[in-house]
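Asks: Can you keep this structure in mind? I'll have questions shortly.
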Amino acid sequence: MDHGGSNPETRQGIPLNRARSLGSSFRRSSFNSSCDQPPLTDHDAESESVSEAGDIGDRALYSNRFSDSERFSLSLDRALENGAIAPIPENPFVQSYGFLGRESATVNTPASLVPPQAEEIVSTLANCPIDHSEDTKQESKRKFSRLLEYVTCLVHLAVFGILGVLTRYGLQKLFGPENANVTNNETILYPDLPSNMVGSFLMGWWGVVFKGDISGISDYLAIGLTTGYLGSLTTFSGWNQKMLDLSVDGRWLFAILGFFIGLFLVAYSIIFGIETAKGFRWIMKRKNITCSWCLKVDSYERDLAAMVGFSLMLILLWSFSGSLLERDFSSEAAELWVGCLVGPVGVWARWFLARLNGRGVGRKGRWKWVPIGTLMANVLAACVMAALATVKKAVKTEKVETVASGVQLGLLGCLSTVSTFIAEFNAMRLSEQPWRAYAYAALTMAISFALGVLIYSIPVWTQGLNE
């Protein structure tokens with residue numbers, strides 16, 4: 001269903017920074033051609049796009065996005081503004097994820113003056129309304145040093161990461177045995193399932209449909225909401241650990257079904273999120289509702305104010321979590337405090353690892369369709385989570401239990417993510433090679449679970465730690 005109109009003036013274009021990232025493969029292809037290297041193919045461009053659908057880490061920052069190696073994109077933008085390149089009809093799959101999907105493969109398009117390898121890039125750019133405030137934003141970013149840019153982004157990630165930890169903890173309690181009694185540790189409905197579903201649903205809103213609009217207000221806000229909040233609200237390591245707990249108790253069928261049903265639920269959560277967000281955007285267009293009233297962070301002063309404001313929020317959040325502490329350090333409040341204290345470290349580590357997405361493996365960059373950064377973050381968090389679970393069973397003291405549980409809740413819960421994982425899964429599913437989505441999911445789950453069995457299950461069985 002097409003909720004948008006066919007009038008190019010009323011269509012919602014994606015932001016220029018998304019289009020420039022789409023142009024990276026075309027620029028590298030041109031560079032390779034000039035150096036007598038084999039150029040990138042459309043297959044390579046799609047592989048890179050699906051791998052970067054969830055997160056690209058610090059490569060999204062202005063200082064990295066507009067480096068000397070990417071100045072070609074600026075000349076391409078100006079060529080478009082001057083009408084030097086012929087437009088190509090709009091494609092919804094390019095707008096959402098930056099590549100042509102299976103459903104669009106049979107659409108007939110008129111001849112273009114652009115090489116076929118760059119058609120996706122030009123098609124996306126041609127339908128973007130020219131935002132002349134972008135030049136003003138670029139000038140202000142030049143005044144914002146690289147160090148301040150990183151500090152501002154890290155502070156945003158820390159604040160939204162802590163909020164994600166608190167939300168996840170609240171959803172665990174709300175749907176757990178103490179209240180709604182929907183989730184528990186004995187069934188395939190593991191305690192983090194509600195937060196993973198909610199985070200995946202919101203990823204469809206903030207990370208796919210409205211990400212361009214949020215980036216237009218503030219790039220840091222977009223990164224904070226998707227990588228910081230949704231990445232910390234959801235957790236893959238907690239999901240994997242609960243399946244390991246079931247397998248240790250001999251409930252192997254429950255463990256296997258937990259992965260399958262869990263994947264099904266989060267996959268349809270992001271689909272439902274995307275569809276409802278598109279419907280909401282359609283209503284906004286019908287009612288002529290715009291975001292022109294939103295205060296854009298597009299100047300040096302506003303960037304600085306945002307950094308100071310979020311720094312104060314970070315201090316307040318840490319103070320609030322510290323106020324929950326009681327004299328007894330072994331309480332759940334102490335566990336939550338430890339989680340909020342170390343949570344930002346997990347968010348930062350995952351954000352830096354995300355820069356590996358779309359780069360491939362080895363010098364030749366093989367397997368570019370695999371989001372290496374997200375895969376490493378999820379597997380690493382799952383392994384450390386399993387190791388701490390083993391320590392908790394071996395050293396049965398209240399303080400060890402509190403600290404280990406707090407690290408699992410905060411650091412490892414924020415290091416791993418389901419929202420980014422499922423955004424990448426959904427992008428692969430809509431690509432011309434949908435099998436990659438299921439291969440990626442199977443690879444992530446199989447490696448994490450197998451290593452978890454070695455780190456957690458085998459010691460528990462052999463040492464009798466479960467007695």
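Please read every residue number as a count from 1 along the shown chain.
Backbone N, Cα and C atoms are what each Cβ position is placed from, and that goes for glycine too.
TrEMBL lists these features:
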type: COMPBIAS; residues: 24-34; note: compositional bias 'Low complexity'
type: REGION; residues: 24-52; note: region 'Disordered'
type: TRANSMEM; residues: 147-167; note: transmembrane segment
type: TRANSMEM; residues: 220-240; note: transmembrane segment
type: TRANSMEM; residues: 252-277; note: transmembrane segment
type: TRANSMEM; residues: 304-324; note: transmembrane segment
type: TRANSMEM; residues: 336-357; note: transmembrane segment
type: TRANSMEM; residues: 369-391; note: transmembrane segment
type: TRANSMEM; residues: 403-425; note: transmembrane segment
type: TRANSMEM; residues: 437-458; note: transmembrane segment
Asks: Suppose I define contact as three or more CB-CB distances under 8 A, residues 6 or more apart in sequence; do the transmembrane segment (336-357) and the transmembrane segment (437-458) meet it?
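Replies: No; fewer than 3 Cβ pairs under 8 Å.
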Asks: Would the transmembrane segment (304-324) count as touching the transmembrane segment (437-458), i.e. at least 3 C-beta pairs under 8 angstroms with sequence separation of 6+?
Replies: no
Asks: With the transmembrane segment (220-240) as the reference, find which of 147-167, 252-277, 304-324 contributes the most Cβ pairs under 8 Å.
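Replies: The stretch I would name here is 147-167.
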Asks: Out of 147-167, 252-277, 369-391, which stretch touches the transmembrane segment (304-324) the most, going by CB pairs under 8 Å?
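Replies: Top-ranked stretch among 147-167, 252-277, 369-391: 147-167.
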